């Protein structure tokens, strides 16, 4: 009977150990499950954070690209201009020219007055001689014009002399016509008076023309 009791106790001890192991195993299982869940959650969080980081990075890069090209082009242009200063010298030094111009303008305003020679009697005499030389041709021209008129005076005199001849001829013809029609001798008084008037007019015109020519020569 004692052997049976000992066997029963041994069996109970084995059962207790098995239960403990099972309990321990269950705890391990639960612990392992908890650990697995925690790891999965951490992995999910890590994945979420990585995705958000990539999205933010792409958006920031796109914004940077949209804003950066003008600045980069300006930088490139500035580097090109510094590398090649002979391309646009006026564009590179506008401020220098603007600052130098005020200093140059007073010098330019002062230089003409300083460089101009003072007027001397010699220069005034030269100017007066030049004015006289320029005035003499005009006077000579004015003098030559009356000579042309004096040359034309004989023609005018001839033209003035021609009408009296025509008038005397007409008067003679009229007298001959009267003689033939009346058969009487015409009175010569009218003819002589007409011819005398014409000759007087001719003398007056001839005397007036030389006086006009002399007055023009004197002028």
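Heads up, the Cβ atoms here are built off N, Cα and C, so glycines get one too.
The structure displayed is predicted, hence computed values, not measured ones.
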Notebook entry, point to check: Looking at Swiss-Prot, which of 30, 52 is flagged as N-linked glycosylation site?
Noted result: 52
Checklist line | transmembrane segment per Swiss-Prot - which of 31-51, 73-93 | finding: 31-51
